[in-house]
Structures are given as C-alpha cells and as structure tokens.
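Presented below is the structure to which this report refers.
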Amino acid sequence: MRTAYSVETVRAAERELMDRLPDGALMRRAAAGLAATAVRMLGWVYGARVLLLVGGGDNGGDALLAGALLARRGAAVTAVLLSPDRAHPGGLAALRAAGGSAGPAAAVSGRALVADLVLDGITGIGGSGGLRPEAAELLARLEARRPGAAEPAVLAVDLPSGVDADTGEVPGAAVRATATATFGAYKPGLLVDPGRQRAGTVRLVDIGLGPHLPPQPDLLALQHSDVARLLPLPSPESDKYRRGVVGVAAGSARYPGAAVLAVGGALRGGAGAVRYAGHAAEGVVAAHPETLVSGGAPREAGRVQSWVVGPGLGTGAEAERAVAQVLEADVPVLVDADGLRFLDPGQVRARRAPTLLTPHAGEAAALLDVAREAVESERLVSVRELARRYGATVLLKGSTTLVASGGRPVRVNPTGTGWLATAGSGDVLSGLAGSLLAAGLDALDAASVGAYLHGLAARLAPEPCTAVEVAAALPSAWQQVRATAGTD
Ligand SMILES: NC(=O)C1=CN([C@@H]2O[C@H](COP(=O)(O)OP(=O)(O)OC[C@H]3O[C@@H](n4cnc5c(N)ncnc54)[C@H](OP(=O)(O)O)[C@@H]3O)[C@@H](O)[C@H]2O)[C@@H](O)CC1
Ligand SMILES: [K+]
C-alpha cells in the first residue's frame with residue numbers, strides 16, 4: 001500500500017523528528033537522498049552540468065546542499081537564485097565551498113541554462129498558488145532552449161514547483177519533472193492529476209519520518225498484495241447464491257450495448273450469478289447466455305445482493321422508476337451514468353445499505369452544479385465533497401480515478417491508462433464493482449478493487465483496446481494480482 005500525507009501532517013511529523021535531531025540533520029538526509037537520485041538519473045557525475053533552480057525556502061536549501069554534494073564529486077553546478085537575499089545561507093555556503101557557482105536569476109545568461117540535469121528547488125510544501133512571474137519566466141527561458149539542444153532531465157525536489165502538495169491542483173505555471181525525489185512521505189499532489197502528470201517517476205527518500213506519521217494517511221493507493229487480500233474467492237461450501245447475485249438494471253432499446261458491457265463486467269467480478277432487468281435482455285443473453293434475464297422492472301427481477309443501475313438506461317420516466325426501485329431495495333447499490341441524473345441527495349443519505357456513485361468528471365460537475373473544468377482541476381476536493389453531500393461512497397473516474405468514503409483515506413487508483421478512455425469501458429467497471437459488492441466487499445473496497453482490476457485489464461488487453469476486450473482481460477488481471485501478490 002502506498003500512503004500519502006497532507007502538508008499539515010508531514011510538518012507535524014517533521015517537527016517531532018527535528019526536536020530529536022541536531023540542527024540541519026533532516027535537511028542533510030534529504031539532500032543526500034536527492035543527490036543519490038540525481039546521480040542515478042545522470043548515470044555519471046564528473047563533468048556533468050547541473051543547474052539548480054533555488055527559491056527562498058528550505059526546498060531551495062535542499063537543492064543547494066545536494067548541489068554541493070554533486071560539485072564535490074566533480075559536477076559543474078550552477079545555482080540560479082530566485083530570492084538571492086533569502087537563499088538558504090548554509091546551502092549557499094556549502095555549494096560555493098564545493099566549487100559551485102550561484103547568481104540571481106536576472107543575471108543568468110542563456111548559456112548557463114544549458115544543463116544535463118536541472119534540480120527544481122523553487123518551492124516544496126511551502127509553495128502556494130501558481131509559480132510567481134519571475135519563476136515562471138525562468139521556466140519559460142529553460143524550455144525555450146537553443147534549437148537542437150537536448151532536453152535536460154528535471155528532478156523535482158520534494159514535489160514539482162507549482163503543484164499543490166495537498167490536492168494535485170496546478171493553478172498556474174508549474175515545473176514538469178522527469179522524476180521527483182520526495183522526502184519522508186508521498187504528498188497527495190504527487191498521486192493525483194494534474195499534479196501527478198507533472199511529477200514523473202516518484203522516488204520516496206527515507207528521512208526517518210515513518211514512526212512520527214499517524215496510522216491513517218490522507219490518501220492511499222492499493223498495490224497487488226492489497227487487492228489480492230480483498231478478492232472474493234469461492235470456498236468449498238460456496239454455491240452461486242452464497243457467492244452473491246448482482247442485479248444489473250441497465251441498457252434500453254436504444255442503448256442495448258451498455259447492458260451487455262455492464263453484465264460482461266459483472267460476470268467477472270466474483271459474484272456467483274448476474275440477474276439482468278431491462279429492455280436489452282435479448283442482446284444480453286445472446287452475448288452472455290449464463291445471465292438470468294427478465295424483461296421487466298428491477299422490483300420483479302428476484303433477490304439480489306447488490307444492484308447496478310444506470311448505464312445506457314436513458315432519461316425517461318421508466319429509467320427514473322428503475323433508479324427509484326433500486327434505491328428502495330435494502331442492498332448495496334451502484335449508480336452510474338444515466339442513473340446519476342435522478343439522484344436526490346436526501347434519498348441517498350437516508351438509505352441504510354451502502355450506495356456507490358461512479359461519475360466521470362462531467363457527471364460529477366452536474367451533481368455538484370459546477371463546471372467540468374472545476375472538477376478536473378480539483379479532483380480530490382470534488383470527490384470528497386460528493387461523498388459528503390450524498391453520504392455515499394464516490395468513485396470519480398478519470399486519468400487518476402479516486403474513491404472517497406466518509407472519513408476514510410481517499411483511495412487513488414494506480415493502474416489507470418489512457419486506453420480506458422474508450423466508449424463503454426465505464427459500463428464494464430460498473431458491472432465489475434457491483435459484482436464485488438454482491439460478493440461481500442464494502443463499497444470502498446469494491447470500488448477501489450474494481451478500478452484496480454479494470455485498469456490492469458486495459459493494460460493487458462490488446463492495444464488499442466475496446467470495452468469488450470477490457471472485460472475479456474479481467475480474468476488475466478485477476479490472475480496476475482493473485483500470482484504476484486507479495487512481490488510488489
Ligand atoms: N521541514 C523540514 O524539516 C524539512 C523540509 N525539507 C524541505 O523543506 C521544504 C519546505 O520548505 P519551506 O517551508 O521553507 O517552504 P518552500 O517549499 O521552500 O517554499 C517557500 C518559499 O517559496 C516561496 N514561494 C511560495 N509560493 C511561491 C510561488 N507560488 N512561486 C514562487 N515562490 C513561492 C516563498 O516565498 P515567500 O512567500 O516567503 O515570499 C518561500 O521563499 C520541503 O518541501 C522540503 O523540500 C527537507 O529539507 C526535509 C526536512
Ligand atoms: K520543488
């Protein structure tokens with residue numbers, strides 16, 4: 001399990017640790033880890049040209065101290081100081097003593113900006129808002145390098161400057177890093193888009209913070225072994241009913257495909273049987289003869305342990321009735337796509353059994369009554385707010401799918417891939433997560449395990465994949481998780 005902590009929590013842990021250590025020890029640990037990462041990225045040190053972008057805080061101090069270590073090993077290190085009067089004095093002295101040079105941003109020539117590696121120490125967890133004009137201008141100069149000159153690798157110190165550490169928001173200009181060396185703990189902004197995309201490969205540098213962090217993180221990402229532990233496996237006493245029956249109320253005469261795909265996901269989620277209720281029964285049976293189908297309303301479909309409602313359901317009165325009937329049932333319910341249009345927060349909050357909502361950014365925006373862009377840029381805030389407003393578990397789909405549920409840490413899905421942005425893939429996920437609900441997983445586990453397997457299946461499917469192929473690859477994803485559990 002990969003855990004991430006908010007700035008406030010990291011700062012509290014750092015204070016506790018710093019009280020027990022000699023002055024500057026923590027920064028020296030951070031700088032040593034940073035320099036080691038830089039060496040690994042460069043592949044050599046002697047003669048390497050290293051450029052440090054140095055802000056006025058401790059993030060710049062880390063860059064300066066790491067620069068000093070690299071200079072001692074023969075790198076040509078130049079520091080560009082964005083706040084020359086406030087640059088970390090100890091770091092600056094160490095760099096100069098090691099043979100490195102430093103000067104204010106305004107005085108740096110274009111030639112000096114040519115480097116093999118850039119260390120971004122403009123801001124870390126103390127930064128706020130988009131980068132200020134002087135820093136943004138420096139980045140623009142770096143990016144507009146001489147035609148034909150190789151693009152330097154960029155190593156972000158703690159996090160890419162301009163990325164909000166707590167949310168992953170990128171409110172203005174920001175560094176785009178090849179890699180990030182982060183200290184003590186992952187910050188949520190490194191795992192959530194759009195910040196995640198700015199961070200490149202993230203390496204956690206141990207500075208001894210672990211014992212001072214609380215047991216509950218703010219954000220976490222499951223890994224193979226966590227998912228393997230949660231997968232519902234049949235026992236010797238299992239029969240199809242004990243393994244759980246998932247009901248799928250999806251599709252319509254106009255959109256029969258959504259029903260076929262949702263059932264396709266549901267059949268591969270560990271439940272023992274799938275009941276289908278709706279107007280696409282013929283297509284569903286043709287594609288999946290093992291489905292128990294009825295052409296009527298969900299109420300008449302027979303007993304289930306969970307419901308999936310919404311994909312391709314349409315927006316008419318009949319669709320609205322199907323959603324209402326499903327929400328009245330005292331079993332876990334997953335609401336997706338068209339079904340989300342009919343939700344009343346009070347009705348959802350009043351349910352005794354869990355409700356799982358699975359909107360994409362556009363649907364989440366409609367539920368929150370904000371613009372889609374607001375959800376895209378503030379994904380973490382949005383998913384938490386939706387979960388709070390509806391008293392439900394909410395899976396917000398996207399390049400980094402997030403799942404929020406009450407006061408528990410938000411889960412970020414690490415297996416996503418751009419190939420999932422294909423028609424019908426969300427329907428497969430609904431069926432899959434609904435099936436995991438029927439098999440007995442709680443809503444947070446069902447949603448995050450569903451997203452994990454779904455992303456992995458898309459990676460295993462032929463490229464470029466269709467939604468049908470994602471569903472077909474689910475057993476391989478499931479097997480891979482089970483086979484490699486414990487080795488991640
Ligand atoms: N604490 C510890 O034990 C350890 C901490 N460590 C390191 O310390 C880092 C935190 O250091 P920090 O608190 O000094 O803040 P930091 O990230 O350098 O930013 C503040 C500076 O940025 C400026 N600034 C702000 N916003 C800006 C913007 N938009 N655009 C441009 N500039 C902006 C701001 O200016 P001001 O607002 O003061 O005018 C100020 O000069 C942390 O990330 C880690 O790297 C490690 O050594 C391990 C031990
Ligand atoms: K930084």
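Glycine residues also receive a Cβ, built from the backbone N, Cα and C atoms like all the rest.
Caution: TrEMBL annotation is automatic and unverified by curators.
Note that this is a predicted model, so its numbers are computed, not measured.
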Can you pick which of GLY426, GLY431, GLY434 TrEMBL lists for the same AMP site as LYS397, GLY398, SER399, THR400, THR401?
GLY426
CB-centroid shell, 8 A cutoff, K(+) site ASN59, ASP120, SER161, site residues removed:
LEU53, GLY55, GLY60, ALA63, GLY121, ILE122, THR123, GLY124, GLY127, ALA156, VAL157, ASP158, LEU159, PRO160, VAL175
Considering only the binding-site residues ASP58, ASP120, ILE125, SER128, LYS397, GLY426, which possess a Cβ situated under 6 angstroms from at least one atom of ligand 1?
ASP58, ILE125, SER128
Candidates near ligand 2 among the binding-site residues ASP58, GLY61, ASP120, judged by a Cβ under 6 angstroms:
ASP120
So of all those binding-site residues, ASP120, ILE125, ASP158, SER161, HIS360, which one's Cα sits nearest to THR400 (AMP binding site)?
HIS360
Assigned conformation of GLY61 ((6S)-NADPHX binding site) - DSSP reduced to three states:
helix
